[in-house]
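Here is what TrEMBL records for this protein:
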type: DOMAIN; residues: 109-246; note: domain 'Palmitoyltransferase DHHC'
type: TRANSMEM; residues: 35-56; note: transmembrane segment
type: TRANSMEM; residues: 68-86; note: transmembrane segment
type: TRANSMEM; residues: 154-174; note: transmembrane segment
type: TRANSMEM; residues: 194-225; note: transmembrane segment
Amino acid sequence: MFSHKRLVTEDGDDLIQSYSNRIGKKVRQADTQDLLAMFIAFIVLPIGYLVEIFVILPFSFDFMSSEWIYRVAITFALGLNMYLNIYKMVTVGPNGGNNDLPSIMKPGFRYCFSCKLNSPPRAYHCPVCEVCVFRRDHHCSFASVCVGHHNQRYFVAGIVNLWLATAMVVSWNWSFMWTSLGGFQVINTWQLMIPHLALFFGVIDFYQFLCVLVFVFSFTTFLFVTYQVASQVFCIYRGQTRMEYLLDVHAYQLGWLENIRACLGNRWFAAMISPFVPSHLESDGLAYHCREGGPSIYENIKAM
């Protein structure tokens with residue numbers, strides 16, 4: 001029994017050490033944009049959340065009341081799910097841990113002069129990660145990792161959870177801001193657009209200025225996350241990655257439901273709820289079905 005406990009402990013330590021090594025490697029490889037984005041994701045957002053639940057939310061609901069606990073529990077669960085998806089997005093990676101590319105040129109492959117290897121269909125080289133990424137969508141600076149074939153489900157689930165959480169926070173801040181300004185009035189909405197001028201001319205005091213800034217920052221975050229969600233929905237619906245949208249590639253449009261399964265797996269809806277739910281992808285990242293009739297690139301490569 002002692003040996004079993006020791007084995008479990010060592011396995012747990014190895015897991016923590018492995019994840020720490022991965023994160024450390026990401027930080028060392030990250031450029032300035034990635035470091036700034038990760039600072040926002042892992043430092044600014046958690047601090048902002050603490051301010052929301054301990055400073056702003058009690059203005060509307062008594063601290064530790066059932067209404068307060070209910071809202072904190074929901075936003076905490078959404079935030080936790082987002083960070084778990086980031087963890088999986090980094091540890092799984094866009095290539096699923098498989099960076100081995102064939103030395104022979106297969107149908108649909110092309111030579112990558114940066115990697116000096118044969119790159120599969122839909123793969124593109126990332127200048128930050130310095131590797132060809134399977135079905136590359138984009139480089140996510142907030143996790144310092146590319147979003148690709150094997151980890152797109154985690155990115156999509158993460159931003160969906162973050163969108164729901166920020167929507168709730170924006171509603172809190174909207175009420176908090178107008179309470180500090182003496183109630184909603186259409187004529188005073190200009191103070192949201194140029195609060196620094198309102199402060200300069202003495203229309204609002206410094207406390208009210210901070211309340212407006214809190215709302216503006218949260219609403220800006222909400223708009224940014226909304227854009228991320230909308231761009232993913234748009235590209236998945238069209239059977240494209242962001243790279244393929246920019247290059248006007250339409251060869252992989254299989255219908256909206258098949259497109260979702262090709263990107264997020266066969267259990268895509270459950271994958272939105274938990275990053276630990278298995279959601280099988282039909283493709284291994286090296287070959288894909290096309291919408292054209294006849295043998296697809298997927299079938300040709302599998303037959304080799």
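Along the chain as shown, residues are numbered 1 onward.
Every residue gets a Cβ built from N, Cα and C, even glycine.
What TrEMBL says about a protein is an automatic prediction, not a curated fact.
It should be emphasised that the depicted structure is a prediction, and the values quoted were computed from it without experimental measurement.
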### Query
Taking residues 6+ outside the transmembrane segment (35-56), which of them lie with a CB under 8 Å of any CB in it?
27, 63, 68, 72, 75, 79, 86, 141-144, 169, 172-173, 176, 214, 217-218
### Task
Please work out the mean pLDDT for the residues of the domain 'Palmitoyltransferase DHHC' (109-246).
93
### Residue numbers, six or more beyond the limits of the transmembrane segment (154-174), whose CB comes under 8 Å of its CB atoms
49, 52, 56-57, 60, 71, 74-75, 78-79, 81-82, 85-86, 88-89, 92, 137, 140, 147, 214-215, 218-219, 221-222, 225-226, 228-229, 232, 236, 263-264, 271-273, 275
### Query
By a Cβ-Cβ criterion of under 8 Å, what residues six or more beyond either terminus of the transmembrane segment (194-225) are in contact with it?
48, 51, 56, 159, 162-163, 166-167, 169-170, 173-174, 176-177, 180-181
### Message
DSSP-wise, what's the residue breakdown of the domain 'Palmitoyltransferase DHHC' (109-246) into helix, strand and coil?
### Response
79 helix, 18 strand, 41 coil
